Each structure stands twice: as C-alpha cells, then as structure tokens.
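Have a look at the structure below before the remarks.
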C-alpha cells in the first residue's frame, strides 16, 4: 500500500499535488496530478476528501500499482487474472467473513432479554404464517401443505445469513401469484424447480453484485404491478368465497366464469366469506387502539388490556381460522356439510431431498430442459421480485441504517435453494409479517427459528385439524390482506409532482391485468427506458447573451447534463442556431461544460463537426470547465482550433483578445474605406 499526503488549496485555479511519504520506505517526492481542485480529484479518483475552502492536508491510501500507473502511464494495467486474484484476496478476510455471515457479529452479544423478545415475536409470526401459508398455496394452485413446507427451512438459513432482523422469510402473495402464472401444469414439482432456480439466480446476482437491475423498476412501475397483482389475487379467491367450482387462471377468464356461474353461489360459503372479511378488517383497525389516558396506560391493568387488544388484532388470522374450522367441524360431526373445506393435508414433515429436475406427467416425463422452457421468463421474473420484495421490506424497517443489498441477495438465494430441498415454492421477505415481527419487538433474525419450529410442530401434529378449515375463510384472509396492496395513495403525489409518471404506472397496471404479469413489467420498464432515452437525447440547454466588464458580448450555452450519442445532433443544432440567431457571426460562443461528467466517441465526433462549422465562418467557440476525462475524449478525435479553458480569468483573457482583434479589423476596414 502506498500512502500519500494531499496538499492543495481549494481555491479556483489551484493545482492538486500528492506528496508521497512512504513507498517501500523511500520518499519519492511530489506528484502533480494535474487537477484544478480537490473536487475534481474526488470525482475522478473516487476519494472522499472532505475538503474545505481552505488549504487541505489529507492522508490517502492507494495501491502501489495505482501510484505507479499515475506516475508512469506507460506501465500496463493489471490483467484480468491479477484483478481476480486481488479480488479473491480481498474477499478472504475476517471482516468480509463476518459481513457475509452476520450471525457471527451479533451472536456473542446475544442475551436472555433478546431471546425472550425473539421468542415472543417468533411465535406471533408463526401463528400468522400458518393460515397465510395454506392460503398462499391455494393462490399458487398447489396443495396446502406446500405452503407450510415453504415456511420453515428458509427461516433457519436466514437466521444465519440474513441482515434484516424484521424480515420473516416465507411464501408471499406476489410470489404465489407469479408461481401460479409460470408453472402452468407442472404442479408441485414445477414449483420446487422454480424455487431452486430462483435461489440460483438470486445468489448469482448477489455474487456478481447485480442489484442495480432493481433500479430499472421505478416507483410508478412497481406501484402499477403491485396494484394489478393485488386485484388478480383477490379475483382468484372470489370463487372460493362464493363457493363456486370452475377452472380458469387468466384474469378476464376468471371474471367470465364468475358471471357464468354466479347462480351457483353457495349461501353458507358466501356468508362465511363476507363476514370473515369484515371481521378481519375490524380486527385490523383496532390494532392501535389504546385504552385509558397517557398516565393510566402505565398501570398493569390498562397495559394488559392494550396488549391484549394488540395481540388479538395481530393474531386475527389464526383466530379466524380456529373459529371457522371449529364451526365447520361442529357441522361435519352433526352430518351437515355447509362449507367447502380445505380437505386432506399430508401430515408430517417433508423428506429432505434434491429438487426434482424432471417432472412426471402421467405416462410422460418432462426433462429439465423442457421444464425450464415451460417456466420461461418466470426464471428471471420471480427472482427479480423476490429481491424487490425483500429489499423493500428491509428499507421499511432499516431505521436509517444502510441496507447491504448484496448480502440480502445472497441470503434470499440460499433460502430458496435450501427450501427447494423440502418441496417449497419460491420464498422471500413478507412485508405484512415483517410488520408483525417488528411490532412484536424482535431483536435478531433468531426470531425466525421459533417461527420455523411453530410451523414444523403444526405439520407434525395439527394437519388433521387443518383439513376442516373452510376455503371461504382462507380466501377471506387473502382478500383482507391484498386489498391494502392496491396503491391508490400514490396517484395523487404522482399527479402533483410529475404527471408523466402516471403513464408507466397505468400502462403496467393495465398490461398486468389484461396480459401477463411479466409482460406488464416489461411494458412498464420499456416506457420508463424510452423516457430516459428521450431525456438523454434532449438535454435542457440554457442560452444566455452576456457582456464582459470590458464590453465584449458573448453567448453562454450551458447543457444541464452529460452528453451521450443520442443528444449529439440536437446539441449541435441548438449551439449552431444560437451562435447565429443570438448574435453576429463574430460573437464568441462559450460552452460551459460544468455539468458534462461524461462523453463518448460519437459525442466527440459531433463536437469536432461543431467546431469545424464555427471555424468555417470564423466564429470563435470556447469550451469552459471541461473535466479532464471529457477533455481527453474530445481531444482524441483531433479537432482543429479546439479552444478550452478552466478558469474565469483565462476565459476573460480569451474574450478580451478576441474583442481587440475585432476592433483592429474594424479600424483597418474603416481606414481603407476612408482612403478610398
């Protein structure tokens, strides 16, 4: 490692000098980097200097080969093999190991108080996830036990590798819907393979730090997708609420079937479903009710009452399931069958085995290639939204702390891979259960261990009781949950801030409803990309006609962003027209490049043509405030008469020289006219 001392005066026009005081024990003297200020240095070299307006003395650490390449540009850059070796070496440190296995960081300080808090939170979330898991399996079109299989293995893995204590890993409504849309007729085996592939894709994205792909899903697109998904999920549950029996997975087809079979509605199922939805909504609304005044709430009786209200509200799903299952059991034991029940749920824990890489369909076997072909875009779409859901959850409960997206991707990837060994469908962090976890006072990811134990106990001993759960009550649980996923609240802010954002939101929403979810996402992202390309091709350019202190007129043109190849002709046209319309052909044009952080070859070629145009009509054009990296790109195409300066004093001098030249020419012209 080479250490440098930075000596710089951050005033305009100053030069940055690095004084090396240790390279292998030898002082090698000063190194002038040629930057105009420490701000340029910090941007170009990614240093955080914390420079003030006064002189600065900062110690920098640079790799030895970085120093040598700065000192002698002819020394070749390291090869890919050398870079990979350095990367591996840097990744095999104690600090990185603790970062990638977060449990090692907090386990030494884990105490009894934390254990009690995690136990309470884990049990609470466990009681919440059981009915949800069974219901989400129904959303995915899978046997109910698959939802429970998906709710425990990932909890163990995330407790070790997860970095967000509030994130309960398991099945979610969106993951279930995406599974339903992508496995087609592959059944549970297809869901397990999708879970495995989801884990592999997410894990690889974490390894290669590809989290930036999530940035291409804007807020409006995510809102449109989530709202459409919520409506589709609710639509799939209407038939169970009404007690109808029909097939059909597409949104439009489901509504056609509902209308065609509405006369077959079963009164008891419909009554139970609607009443259950209302009860769930009421119980949800009482969550934050506090009995007594501020002073009274500290008394044991009031504290007990308020905690009881919160617990009833939080555990509303399991309470509703127990009551309705008990009611159904009573009728069944008395020979009556008023409700459509969940039916047989395979008891016991699943066998731990490799995911099935081929699917048996009757007398035919679909091999892995055929299965992946059937899953299609789901292999990419499901992982994308698994990451999106979990990162969104982590950000909600981050409390101002930074989120390690790479670690979360690695953790979610491993969770899905491990879950696929117990016949799981794709899993990720669930926001609704995350809120329960947080409100229950969870202290670490160890709370997930208790949740997993609750689910495993229920699989081992209580699956016979689950068979009496009415389908209408499970459907009601889903509807009461997803109704709050419809993001109507974002429409007004978008209208007030930037109305054009409503276009990708509406397009995504409608496309997801009428076509497929992945098609809707692609359409929404495509519209956003088109907006970005248009903004890149049409930068805002400010044109001003100014006069210097010594009376020289000039035109100042300031682009508001970097110049990329789509914007070259537009910028060239604007500058050329401004040079002619805003003044005479002799009026200097100054392009302030302070906002131009990057350029490319096409931009440089366009700038060369622009300079040639101005040169052909003898009109000066000056580039001001060019970054060193941009300057080198412009100079790379070898433009003639390329004038640039980096200080206002130098700009004034150039303008003054031009004005004096023009005055001399005018004087000579006048003298010639008089002599004639």
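Residue numbers in this text run from 1 along the chain shown.
Placed from the backbone N, Cα and C atoms, the Cβ positions cover glycine too.
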To which of the residue ranges 213-234, 345-366, 411-432 does TrEMBL assign the term transmembrane segment?
213-234
Listed range which TrEMBL flags as transmembrane segment, given the options 308-331, 548-571, 572-595, 596-619:
308-331
Looking at 70-88, 89-107, 146-164, which one is transmembrane segment according to TrEMBL?
146-164
Local confidence of the domain 'SLC26A/SulP transporter' (117-506) - pLDDT mean:
92
For the transmembrane segment (444-462), what are the same-chain contacts with Cβ under 8 Å, counting residues 6+ beyond its ends?
102-103, 106, 110, 114-115, 117-119, 121-123, 125-127, 129-130, 133, 145, 148-149, 151-153, 155-156, 158-160, 162-165, 167-169, 347-349, 437
Residues of the parent chain within Cβ reach of the transmembrane segment (146-164), under 8 Å, 6 or more residues beyond its termini:
100-103, 129-130, 132-138, 140, 170-171, 188, 191, 195, 345, 350, 390, 393-394, 397-398, 403-404, 407-408, 410-412, 414-416, 418-419, 421-427, 429, 444-446, 448-449, 451-453, 455-456, 458-459
